[in-house]
Amino acid sequence: MVGWQNYRISSFLGNKKGHSNNSNENSGRGSNSHDDNAPHTTVNDAIQDDMELDYLEGMGSNSSYNIAGAVNLDAVGDSSGTDNHNGLSMASDASNKLHPKHFLTHHDSTNNMKLVNGSMFEGTKILDIESNSESDATDEAWIIEKNNDIPDGGFDAWLVVFGSFLGLVPVYGLFNSLGALESYINKNQLVNEELSTTSWIFSIFLAVSCFSTILTGGYFDRNGSVVPYISGTILFLSGLIATANCTKVWHFVLAFSLTTALGSGMLITPLVGCVATWFLKKRGIASCLATIGGSVGGVIFPIMLRKLYVEVGFIWAIRIFALVCGACLTASAFLAKERGKEDAEPFNSRKEMISWYLTSSLNWRYFLEPKFLFTALASALAESSLTASSTYLTSYSIFKGNSENTAYTMSAVLNAVGILGRYIPGYLADKYVGRFNIAVITITASALVNLIIWLPFGGHSNALWAYIIIYGFFSGSVLSLAPPCVGQISLTNDFGKRFSTVFFTEGLVTIPIIPICGAIIGQATDKSYNNFIIFTSMLMLAAAALYFMARYSVVGFKFIKF
């Protein structure tokens with residue numbers, strides 16, 4: 001069995017290639033003899049910088065480790081089972097810097113190694129020992145991970161993805177169907193209320209859904225998904241059933257914006273987090289396939305509700321909707337399970353337990369990492385823009401002269417196209433382009449489609465249909481790529497906490513966004529809707545810029561898969 005041995009990076013060197021044949025220089029712990037002009041550096045050089053490096057022992061004698069960047073290594077402790085002739089050869093010059101907390105991890109059961117960066121990586125080259133061929137550093141080479149037990153596939157793993165898919169049909173599906181609820185209650189129960197007032201119902205719903213994820217993030221990482229999943233399901237369904245009987249704004253706020261939203265937020269972390277525990281390299285495509293459930297729900301629910309409103313009325317329409325959601329969540333409970341966790345060490349006191357959950361649920365220190373800060377803000381702005389657009393799209397379509405049936409169909413088509421918009425970018429992100437790169441491209445395209453098609457030509461029915469198809473595709477990745485982007489800059493064991501913190505940030509941003517959009521639309525004129533389109537487009541462009549800044553904080557302007 002190959003074991004782990006700790007080493008530390010000592011210093012940056014110049015461009016030195018080749019191998020030393022002088023084994024005497026390589027022997028002896030703590031040897032400080034080093035020639036700056038020597039062609040080779042060994043693991044016994046003096047330590048100058050205190051940077052951690054994990055080193056895989058068990059390699060054969062005379063093995064050399066090809067690492068991007070020029071560094072010296074020195075063993076911390078004995079290198080049991082490792083020949084002293086093991087050395088280091090350079091894959092790039094000193095301009096390609098190696099930053100703190102890099103890791104070496106093995107590919108598989110063979111004695112192959114690969115550089116994995118846990119902090120910052122400037123796109124240097126990696127020489128893969130298995131194939132001995134040079135390739136660009138990928139996002140996989142940057143992930144903070146040395147857990148090689150993650151299966152990244154298999155029947156059980158894909159069954160979990162299917163379970164997550166079923167659970168996200170009602171959870172994310174409701175997010176994508178808010179327009180079907182908003183347009184109905186504004187014309188019936190709340191017909192006498194201002195749009196800027198009723199918009200608070202949906203703003204609070206989205207904000208509470210995001211805020212409440214922090215209640216389950218730390219618990220999920222420590223104890224698993226059972227308790228938050230059951231609690232979230234009960235609250236989610238209870239809130240929907242209560243929503244059926246609402247007639248006033250405060251009724252909707254209590255039942256829908258608070259109770260349903262609280263349950264929704266408690267469900268998001270275990271449903272998304274369970275997938276992250278089964279996948280690493282394929283996390284992008286796995287997460288995208290799971291979140292397709294939201295698009296499926298967004299296709300089915302608006303059409304279903306529209307038909308039920310006419311046939312059985314609002315009350316029974318919402319009750320039947322709750323029954324469908326309950327069936328999906330029940331099936332998901334048996335399938336969407338995280339990989340087995342080690343039993344957590346018991347707390348010494350209730351005070352310690354409360355302190356741990358409070359500090360782990362929302363760790364402000366995460367925001368001291370530029371890559372995390374930019375990613376959280378980017379995800380928040382992109383989702384706020386997408387939610388605002390989809391919420392008011394139905395009302396916009398009716399305002400432009402389309403029938404209610406056509407308007408609801410447009411909402412369904414938007415989500416149907418989003419299925420491809422989730423899968424294809426996720427596949428390309430994992431296989432070729434990189435998750436952050438795809439996020440920048442698709443979100444920028446979403447903003448441009450708003451400005452080029454929706455803004456000038458939205459009043460034309462054919463142009464509006466073209467817009468819905470194109471926008472639905474590009475915006476589909478907003479929700480699906482956020483989890484793998486967060487996972488790329490997080491350890492799997494910390495994913496729940498960091499992902500819930502991102503959602504908390506989204507809640508802070510969402511609180512003012514939807515009411516602002518409602519106020520911009522106001523009395524619903526051509527000018528006000530145009531201002532609304534411009535506003536949501538600027539949010540998308542800002543999100544794309546922030547995703548790019550997150551990428552730049554890690555790899556700079558390097559044209560690499562990230």
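Residue numbers in this text run from 1 along the chain shown.
Backbone N, Cα and C define each Cβ position, glycine as well.
Annotation comment: TrEMBL describes 20-31 as compositional bias 'Low complexity'.
For 13-42, the entry in TrEMBL reads region 'Disordered'.
Here TrEMBL flags 155-175 (among others) as transmembrane segment.
Look at TrEMBL and you will find 200-219 (among others) tagged as transmembrane segment.
Summarising the annotation, TrEMBL assigns transmembrane segment to 226-244 (among others).
Within its own chain, the transmembrane segment (250-272) has Cβ neighbours under 8 Å at 164, 167-168, 171, 174, 185, 190, 200-202, 204-213, 215-217, 220, 225, 228-229, 231-240, 242-243, 287, 290-291, 329, 332, 336, 338, 483, 496, 499-500, 503, counting only residues six or more beyond its boundaries. What TrEMBL records for 250-272 (among others) is transmembrane segment.
Remote same-chain partners of the transmembrane segment (284-304), defined as residues 6 or more beyond its termini with a Cβ less than 8 Å from a stretch Cβ, comprise 157-158, 161, 164-177, 179-180, 271-272, 275-276, 278, 320-321, 324, 390, 394, 408-409, 411-416, 418-419, 421-423, 425-427, 429-430, 435, 476-477, 479-481, 483-484, 487. Look at TrEMBL and you will find 284-304 (among others) tagged as transmembrane segment.
What TrEMBL records for 316-336 (among others) is transmembrane segment. Here the transmembrane segment (316-336) has long-range neighbours at 159-160, 162-164, 166-167, 169-170, 174, 225, 229-230, 233, 236-237, 240-241, 243-244, 267, 270-271, 274, 301, 304-305, 308-309, meaning same-chain residues at least 6 beyond its ends whose C-beta is under 8 angstroms from one of its own.
Taken from TrEMBL, the feature transmembrane segment covers 436-457 (among others).
Among the features that TrEMBL reports, transmembrane segment is placed at 463-482 (among others).
A Cβ distance under 8 Å defines the sequence-distant neighbours of the transmembrane segment (503-523), meaning residues of its chain 6+ beyond its ends; these are 195-196, 198-200, 202-204, 206-211, 213-214, 265, 268-269, 362, 376-377, 379-381, 383-385, 387-388, 391-392, 395, 529, 531-532, 535-536, 539. What TrEMBL records for 503-523 (among others) is transmembrane segment.
The transmembrane segment annotation in TrEMBL covers 529-550 (among others).
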Taking pairs 6 or more apart in sequence, does the count of Cβ pairs under 8 Å between the transmembrane segment (226-244) and the transmembrane segment (436-457) hit 3 or more? no
Using a Cβ cut-off of under 8 Å, list the residues of the same chain at least 6 residues beyond the transmembrane segment (463-482) that approach it. 172, 175, 284, 287-288, 291-292, 294-295, 379, 382-383, 386, 389, 393, 397, 400, 402, 410, 413-422, 424-426, 429, 435, 438-439, 442-443, 445-446, 449-450, 453-454, 457, 502
